[in-house]
């Protein structure tokens, strides 16, 4: 038993080290895209914080979802956040599964470049939307009489830049149309639909997305229109943007394309992102792995006899 555990641990460590080497190479090529995506997440947070300064509480608007779903109340508002946290952590951990799982389909760096592109495009549309028209927040801390419904004028720039984290993020008001929680949820689910392998989890993802939508409305974090707009906007953005982005290389058939010093930086970059792979490279890798270009095994030394 001890020998088996030691052998498996050794295999896992080698697999982890090999994946680290591969991902570092991808990170060196794509770090600018990741950094830009993370910077846009911060800018989105600044925009949501900024709209809170101009938020004016008022009577809750008439909403069909509020008539159908009873309000969870302040003491049960954590339920929707708990579901969202589970979705976020599950997807985050899944993107790192190539480091420990033998069967791999994605590269962690490349999948996050793709996800951040989807998020940034959706959040750009979201910021334009909620700054166009400010609606009175339906959440308990955004209603008339609440001290958190209006933000006093900031004393300095640092107060704005730091977002009053985490209180300012949790108790925001005014950034309603459309739901940021649904942006993340739907982007994650659409990504797993394409690159995930478990059919049950794909089905479960859509069930959780519907449940998340209902919980957001029931907890009065958003109006129903915020959730409905998120459903068709995010799906359309991902659908069209996915066609424009370079496709990820398929790990199930071959290793990463051979990166040569003789090629230009742009050519190597295209190779890493799954574009412009030279058929000669594919044949060479297949022959090295003991297979010819048609999937059959090569015969070394017997054909010339």
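Cβ coordinates are placed from backbone N, Cα and C, and glycine is handled just like the others.
In TrEMBL, the transmembrane segment annotation falls on 168-188 of the listed ranges 42-62, 147-167, 168-188. Annotated by TrEMBL as transmembrane segment, the relevant range among 18-37, 78-97 is 78-97.
Sequence-distant contacts of the transmembrane segment (168-188) (same chain, six or more residues past either end, CB-CB distance under 8 Å): 44-45, 47-49, 51-52, 54-55, 57, 80, 84, 87-88, 91, 115, 118-119, 122-123, 126, 129-130, 133-135, 137, 139, 141-142, 148-149, 205, 208-209, 212-213, 216, 221-223, 225-227, 229-231, 233-235, 238. Distant neighbours of the transmembrane segment (200-217): 63, 65-66, 69, 72, 79-80, 83-84, 87, 179, 181-182, 185-186, 188-189, 192-193, 223-224, 226-227, 231; these residues of the same chain sit at least 6 beyond its ends, with a Cβ under 8 Å from one of its Cβ atoms. Using a Cβ-Cβ cut-off under 8 Å and counting only residues 6 or more beyond its ends in the same chain, the transmembrane segment (223-241) has close neighbours at 61, 63-66, 117-118, 121-122, 125, 129, 135, 138, 176-179, 182-183, 186-187, 190, 213, 216-217. When averaged over the domain 'Sphingomyelin synthase-like' (172-240), pLDDT in the model lands at 95.
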